[in-house]
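Peer 1: Swiss-Prot feature annotations, pasted as is:
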| type | residues | note |
| --- | --- | --- |
| DOMAIN | 19-216 | domain 'Lon N-terminal' |
| BINDING | 367, 368, 369, 370, 371, 372, 373, 374 | ATP binding site |
| DOMAIN | 603-784 | domain 'Lon proteolytic' |
| ACT_SITE | 690 | active site |
| ACT_SITE | 733 | active site |
| REGION | 782-804 | region 'Disordered' |
């Protein structure tokens, strides 16, 4: 502990009442102290260089109010400082000195009259009061005793340190000596400056005694901690002391940032405005985190858990765009057609204008691939001003993908629902659950069952992820699920959603989509402009008619991209080209037509009928072929037919045999032949009852020798009583017939209501006939026989078949 000569308490008077001023930052110089300081600021360097060679030079040392000011003015300095003698000056380098100062006495600045070349001021010396009384003696003795006790609890100090206290008899000087040597961690510059400005000796001793008392308490607590003595402490004072001690220890260990991180984490959670129930858990976890060692695995687990809570949008929402016209306009800009979907979103926007507390809808879009189900979600989000996130569920087999893993597992994380909400940053985004029909089930659980709570409006306001184990409100999320077919979706899950069927596009729709969306998109993607490649209307029609046959437009976009690539190659080779995508140019680039009209050529012979089928990819046409051979009346079924379709074929053959007399067929002849019913494309499984009408027409055509008209297709389930019963997928089947060039379609009469969903341009171009019994079918579909087979009806007799 550096000290000065006690006799120097009465310094010699300067020649004048002005002294040069040396600003000091981050410390305070007291009388009775000898300290070295580093000088490197320009003004201070000039002052020191001016004092070189002078003996017993005096300077006024004043502390800065803020250490951040590099060249302070008098306003940035305290008004009270210490007159010091320059004991020694050591040059450390260019413009850098170490100056040893001996504090002599206090002074107050009377006036400042110079800043350059260094600061200088007129000062008033503050004389030290040497009057002693009983109270001052008692205060001095108490300070001396408390300081000895502090020194006794610091075993690393030299043994004679306590003896220095006995050499200083004046209480005021003792207070200055102790204050000057107090560690900065326990006494700030402001605290020490307050002691320096305490001209009254009693007040000064009391301030230092309080400071020593706090340090004494710190050392006592440290001793208690080291000896593991568990005693009850005063909560307020002891907790503060412990935290200060812990902070100092962590700083020494290089772990001082943990408390800052925990405090920052607490502040982030506070800003997230978590519910009261969550806040209670958070407080408990933060308390546990503070007591953990940073190196422990549990520390990182708990910290990650709290960071997830802080990052989730507990209260943050986006403001919906509720203008019906704006929503409708955004949807029309992004998608052609799909009126039913647009109508539902517009209805929701209208209701939100009237009821702001309306929960988000839960919609299920079912339709073939490529019709825009997923992109609809993005368009809906844009139209409503909401964030958009997509969760791909195809192939998901683990329930934890939805509800998360419990924190007991290594590497546990929340499920995809909360991950998507964290990424969105709001609690009311548009969340697309893509391909919900393609989730699987295994020993790890059923993700579809986990979605039951997510998609239930009555339950999802308290959705509980396994990782968080806290309720989270999903009621404001707009859930949009997509699927290709019903088969992979459990009934209870479908029951929780509003189903909207998204059909395939008509030829007119595809032409419009290609013209308005796909062609500009692909030209831009390939770095082309209309000047380099121009798509004509006939060229687009050629791509649609001859190179794609699908419900959606993905294949159409790929073919347009192929045409663009061919031009892009020529441009990249340096050719100055300007091409026009005519039908001839399209064929030159894409090759021979991939889809040809095969209706006429395949239905010119008896025994071939055109049917309509529904698939997850949309509607399709299929051909049912029948032939006969000598035999014993057996029926052979091929073409990868499943049970229901096989039963339909058996029903059709049985009905024809039962009506042999009405069809003018010899029953004995039917016993002498075998029938073979076949559906091409063996590799594709086929099932369903809707091909019954087509099988009946094919078998009757074969036996009567009359071909089925090439422009007619049909669908419908049959019964042994000759009734034609309703089927599903009528809209998709009619769209498939329209794509294939069919101009006449027979459907069950009970499917009349399904025609409301069929686009008007399709109904205008296709003749749709309703049939309710098999008696009506043959006159509508059979051509006159090209040759009358043995034992078959004559051409004149075909007119009588309406009474079958």
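Cβ coordinates are placed from backbone N, Cα and C, and glycine is handled just like the others.
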Peer 1: If you take the centroid of the Cβ atoms of 367, 368, 369, 370, 371, 372, 373, 374, the listed ATP site, which other residues of that chain have their Cβ within 8 Å of it?
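Peer 2: Here the non-site neighbours turn out to be 365, 482, 484, 502, 551, 552.
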Peer 1: Provide, as an integer number of angstrom, the distance between the C-alpha atoms of residue 371 (ATP binding site) and residue 733 (active site).
Peer 2: 16
Peer 1: Hey, how far is residue 690 (active site) from residue 733 (active site), Cα to Cα, in Å?
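Peer 2: Distance between the two Cα atoms comes out at 11 Å.
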Peer 1: Highest CB neighbour count within 10 A among the recorded positions 374, 690?
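Peer 2: Counting Cβ neighbours within 10 Å, the top one is 690.
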Peer 1: Calculate the distance in Å between the alpha carbons (Cα) of residue 374 (ATP binding site) and residue 733 (active site), and round it to a whole number.
Peer 2: 23
Peer 1: Measure the Cβ-based neighbour count of residue 369 (ATP binding site), defined as the other Cβ atoms within 10 Å of its Cβ.
Peer 2: 18
Peer 1: Would you mind reading off the Cα separation of residue 370 (ATP binding site) from residue 733 (active site), to the nearest angstrom?
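Peer 2: A Cα-Cα distance of 17 Å.
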Peer 1: Taking the Cβ of residue 733 (active site) as reference, which residues of that chain separated by at least 6 in sequence fall under 8 Å from it?
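Peer 2: Set apart from residue 733 (active site) by at least 6 residues yet with Cβ under 8 Å, we have 612, 613, 614, 619, 715, 745, 747.
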Peer 1: Any idea what the model's mean pLDDT is for the domain 'Lon N-terminal' (19-216)?
Peer 2: 85
Peer 1: Hey, does DSSP put residue 733 (active site) in a helix, a strand, or just coil?
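Peer 2: Residue 733 (active site) sits in a helix per DSSP.
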Peer 1: 10 Å Cβ neighbour count around residue 373 (ATP binding site)?
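Peer 2: Excluding its own Cβ, the number within 10 Å is 26.
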Peer 1: In the structure shown, which of the binding-site residues 367, 370 has the fewest Cβ neighbours within 10 Å?
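Peer 2: Selected from the binding-site residues 367, 370 on minimum Cβ neighbours within 10 Å: 370.
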